[in-house]
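Trainee: Okay, so TrEMBL annotates it like this:
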type	residues	note
DOMAIN	3-130	domain 'EamA'
TRANSMEM	6-23	transmembrane segment
TRANSMEM	30-47	transmembrane segment
TRANSMEM	53-78	transmembrane segment
TRANSMEM	90-107	transmembrane segment
TRANSMEM	113-131	transmembrane segment
TRANSMEM	143-160	transmembrane segment
TRANSMEM	172-190	transmembrane segment
TRANSMEM	202-219	transmembrane segment
TRANSMEM	231-252	transmembrane segment
TRANSMEM	259-276	transmembrane segment
Amino acid sequence: MKYLFLAIISSVFVSAILKIMNFKNIDARKAVAFNYISASLLCALFFKPDFNSINLSFSTLFLILGILLPSGFIIMAKAVKYAGIVRADAAQRLSLFLAIIAAFTIFSEKLNAFKVLGVILAFISLFCLVYKSSDTKTGFKGGFYLFSVWLVYGFCDILFKEISKLGGEFSSTLLISFLMAGLIMFAYLFSKNIKFDIKSSSYGIMLGIFNFCNIIFYIKAHQSFSQNPSLVFIAMNIGVIIFSVFVGILAFKEKISKINAAGILFGILAIAVLFLV
């Protein structure tokens, strides 16, 4: 359970850094590019991946992940632009639906009455937590990018679970994915003629440290609960939202509705039910 908790805390730090960057008007695109540099260095330093032991049958895995990681950020930025940050964040969280389907199909998790109850409680919690009243209509572009966010983040969750099945070899695959993601992100920035600066680079390095911890602990959590991926998917998604809500209240003086508060209770109950199964 410790890896799951550490993954959630690391993810909350990532969200907090991105929020601070938004307040300081720091270009997140540049920070995300440098984030992959520090994440790659940490992966190489701590795990010392042996590239000679890489199973080439998994090459498709790190190629797809290397493309999806930076693409997810770019698509998220577009979704925020055309549909708003509330709907974009909701689309990302609702990608849990894809991960849950994968848990009981691709990863062959056994279904029982308690797990059905846990999943139902999780989605009630999720809808309550992401709920915010809005009269703004979403156009075609907004709808397209929201669907893309839902799809990309759902597939990333599934791919991280797949990587966890590699055992000790996962670090090599992850390092290649980080390097690919960094190359794609820098290529994107150069194509837009975007100039770099020390502030965004510094925040990017810091972001990469917590992003690395988030991904590593998330994969370790999947390895610890290898027969119960739905617990990891649900606890990670809902746990991050719940902790982020408390950080928002304490650090950023944000307010929540009664529906959001109910979502926290349903979320805790869902995780408890799945953990005790």
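Quick reminder: no glycine exception, Cβ is built from N, Cα and C everywhere.
TrEMBL labels come from automatic prediction, so no person has curated them.
I would like each feature placed in context: is it buried or exposed, what are its neighbours, and how far apart are things?
Mentor: Applying DSSP to the domain 'EamA' (3-130) sorts its residues as follows: 108 helix, 0 strand, 20 coil.
Taking Cβ pairs closer than 8 Å, the transmembrane segment (6-23) reaches residues 31, 200, 203, 206-207, 210-211, 213-214, 217-218, 220-221, 235-236, 239-240, 243-244, 247, 251-252 in its own chain, all 6 or more past its ends.
Outside the transmembrane segment (30-47), and at least 6 residues removed from its termini, the chain residues within Cβ reach (under 8 Å) are 21, 69-70, 73, 171, 174-175, 178-179, 181-182, 185-186, 189, 194, 196-197, 200-201, 203-209, 211-212, 215-216.
Packing against the transmembrane segment (113-131) from elsewhere in the chain are residues 86, 89-90, 93-94, 96-97, 100, 230-231, 234, 237-238, 241-242, 245, 257, 259-260, 262-267, 269-271, 273-274, 276-277: each is 6 or more residues past its ends and has a CB under 8 Å from a CB in it.
For the transmembrane segment (143-160), the list of distant contacts is 61, 64-65, 68-69, 71-72, 75-76, 78-79, 81-83, 87-88, 91-92, 94-99, 102, 106, 215, 218-219, 222, 233: same-chain residues at least six beyond its ends, Cβ to Cβ under 8 Å.
Beyond its flanks by at least six residues, the transmembrane segment (172-190) meets 29-30, 32-33, 36-37, 39-40, 43-44, 47, 49-51, 53-54, 58, 61-63, 65-67, 69-71, 73-74, 163, 166, 196, 215-216, 219 of its own chain at Cβ-Cβ distances under 8 Å.
Within its own chain, the transmembrane segment (231-252) has Cβ neighbours under 8 Å at 4-5, 7-9, 11-12, 15-16, 19, 93, 96, 99-100, 103, 118-119, 122, 125-126, 129-130, 157, 161, 218, 221-222, 225, 260, 263-264, 267-268, 270-271, 274-275, 277, counting only residues six or more beyond its boundaries.
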